[in-house]
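Database features, via TrEMBL:
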type	residues	note
ACT_SITE	H439	active site, proton acceptor
DOMAIN	1-47	domain 'Carnitine O-palmitoyltransferase N-terminal'
DOMAIN	174-322	domain 'Choline/carnitine acyltransferase'
DOMAIN	353-718	domain 'Choline/carnitine acyltransferase'
TRANSMEM	50-75	transmembrane segment
TRANSMEM	104-126	transmembrane segment
Amino acid sequence: MAEAHQAVGFQFTVTPDGIDLHLSREVLKHIYLSGVTSWTKRAIRFKNGILTGVYPASPSSLLIVVIAIMSTIYARIDPSLGMIDTIKRTMSVSGYMTVQTQTVLSAILFSTGLWLSLILMLRYILKALLSYHAWIFESHGKISFCTKLWLSLVKMLSGRRPLLYSFQTSLPRLPVPSVDDTITRYLESVRPLLDDEQYNQMEVVANDFKKDQAPKLQKYLILKSWWATNYVSDWWEEYIYLRGRSPIMVNSNFYSMDLLYVTPTHRQAARAGNVVHAMLQYRRKLERGEHAPLRALGVVPMCSYQMERMFNTTRIPGIETGEHTAACWGHNTIRLSLGSCMTKYEHAFVHLSSRVPWARARLKYFSQGVNKASLEAIETSAFFLSLDDEAHGYDPDKLRSLDLYAKSLLHGKCYDRWFDKSFTLIAYKNGKLGVNAEHSWADAPIIGHMWEYVLATDCFLLGYTEEGHCKGDINKGLPLPTKLQWDIPLECQEVIEESYMVAKVIADDVDFHGCLFDEFGKGLIKKSRTSPDAFIQLALQLAQFRDKGEFCLTYEASMTRMFREGRTETVRSCTSESTAFVRAMEDKNTALDLFRKAADKHQNMYRLAMTGSGIDRHLFCLYIMSKYLSIHSPFLKQVLSEPWRLSTSQTPQQQLNMVDIKKFPRYVGAGGGFGPVADDGYGVSYIIIGENLITFHISSKFSSPETDSYRFGQNIRQAMLDIRALFDQKDKKEKEM
C-alpha cells in the first residue's frame, strides 16, 4: 500500500470540519521538475528555431548591421539612398518620440530589413551553389579549378557550426528530367534483357508514349515540381508504402545488426538499459537540432527531413491507405515486449495478414476502452523494445549463426515485434542487439546514423562494470513498467489466429544467408582504381549469371538527399557493358578492359541517379499522373510491372566517424538487410567495413526452386575472387615485362 500512496499526488478526506487535503512533496517535486524540463525544451527549440531561421547568418550579425548603419548616419552618410528618411516621414511626431528617436528607430527598421534581405540573398546564392553537381562526375583525385572555387564558396557560406536543419531551406529542389533523356536511358537499360524483336516492340511503344501522352503528363509534373517541395517523395511514400496492402513484415521492413565481433556485456537488461539511454540521448540532440548535418566531402549538405519522424512515430493502417501518427517528442514512454511472458494474442493483431484486416480490426476492437488506451500508449511511445528470450549473434563456431540472427531480426516469432512502429529495438538474452525498422518514414541510412551513434555511445562512453552491469548509481525513484491491458473478444482472437498463420508462412519461407567476405576489401579494390560499389555490383552480375544462367533487371538503391526531401533513386545495374563483361569472363585477355568499361558505366549511372537524372522515379511519377488524368499508357503500365529479380543496396558505414576502425578493428557493425523483392529473386544488402571486410546479407524464398541464398553467396564469393584474379594476372604480366 505504501507504493500505491506514493503514486498519488494528493489525497483528501471529507470531515465534519471540512476537507482535509494532503499533498505528496515527492510527487509535487517531480511535477515541478517535469515542468522545468518541458519549458527548457521549448526554450531550446525556440532558440534553435531562430538560429535555423536566419541561417546562413547569425542573430549577432543583426547587431553588426545596425551598428554599421547607425555609424554611417552619425557620419552624415546615407547608405539607404533616402529610405531611412522615407521611413521617418511615415512616423507621426508625438511627445513620446523625438526627432532623434525617430531617426534611430528608422535606422533600426532599415537595418533589420537590409539584414533579412542579405539573409535571403545568401540563402539563394548557397542554393545556386548547391545546384552545381559537376564535381561528382570528376575523376577521383582530380579536382578542376571550378570545383575548387565552388568548394571554397560553399565552405564560406556554410558557417562554422550549422545545426541539423540549418541547410534545409538552402537545398535545391529535385529537378524533373526531360522525357527524351528518361526514355533513352530506359531503352538503354532494357537492351541487354530483350532480344531484337522484343526490343523493337518496346522501342515502338516507348516512342508512341513520348510522342502522344508524355508531353501532357510532363507539363503537369513540372507544375507539381514548382509547387511541391519534392515532386517524388510524397507520392513515393503514399503509393509505394502507405497504400500497399500486403504485410510489411518481410516485404517492407528491414533490419540492422549489432557489432559483429564484440558483445560489451552478456547481461540482457544491462545492455538494453545502456542502449535505451543512448537512444534517448540521441533523441534529445535530435529534437534540439544539435546533430551535425551529414555532408558529402565534408562540405555538401544532405537533407535531414527524414530524421524528424524517427521517434514517437507509428504507421497507422487504413482501409485504402495508411498514415503516420507522431506524438510529441516529450513523450518518453518505452513499451516492453517480454518475449517469454507474452502470448501471441497480446501482440499478433498488429501483424494481420494484410493491412486491410488490421485496419478493420483496429476500428472495430481497438477504438475504445482499455484496448484504445493500450494501443495509444504503444503508438505514441518513443520506440518499441523487445526483450527476446532467444540468443542470437554471429558465432564463427556455430553453423548459420548469422543466418538465424538475420531471420530473427527480420520477423522474429511474427508476434514479438511491433512492425508498425518506426523501429523496434531487440535485445537478446545473451546481450546481443538489433533493430527492425519500418520503411515508409525513412530509408536505411537514417536508422544507420542513429545506430552508429548508439553503439559507439554504448561501448565507448557509457560502458559497463567488470561484472557486466551498467555503470552509475541506481535510481530507485523510477516507476516500474506497467503491463498493458487488453480485452480481446473471441471473434478478434480468431482473426488474429488466422493472420498469425499467414504471417508464419511468410516468415518460414524466408531463406537467409550471411556471407562474410574477408579475402580482400575496399583497400585492395581502390588500388585497382575502381569504385568499390561498381566492383561489387559487377561481381553480383557475374554471380547472378552463374546462378541462373541469365541476366535480370537489377535494382540498386542510391540516395537523392542532396535535394530537399530527397529519398532514393534506382540504379539499373544490369547494362550492356556489364553483360559483355560477364560473357567475356571465359576470355581473360579482354575481360579486364570490359570490366573497366562496365565499372565506369555503372559509376556514371550512379552519379546521374544521385543528381536527379535517374530513370525510375520520373517514370513512376508520370504513371501516377496518368492515373490522376485517366490517361491509359501501355508503356508506363509495362515499365511499372517489370519484376526486380535482383534487388541490391549498400549500407552506409561510418556516417559519424565516432569510432576509429584502424584503432579498434573489432568494433565494426555487421550491417543489415531486407527480404526478397521478387518470389523467384534475391535481395542482397552489403556493407563495406574498413579496408578488408565486406559483409553480404542475402535473402530469397524457400518456395522458389530457382533460388538458394547459400548457393548465391558462394557464387558472389567466387565472382569477387575471379575479378581480383584479372588484376593479379595483369600485375604479374607487368612485372614480367
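Note that Cβ sites are derived from N, Cα and C of the backbone, with glycine treated the same way.
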Pull the DSSP breakdown for the domain 'Choline/carnitine acyltransferase' (174-322) and write it out as helix, strand, coil residue counts.
80 helix, 13 strand, 56 coil
Non-local residues, at least 6 beyond the ends, that sit with Cβ under 8 Å of the transmembrane segment (50-75):
84, 103-104, 107-108, 110-112, 114-115, 118-119, 122-123, 126, 157-159, 162-163, 165-170, 289
Just to confirm my parser: what is the rounded mean pLDDT across the domain 'Choline/carnitine acyltransferase' (174-322)?
94
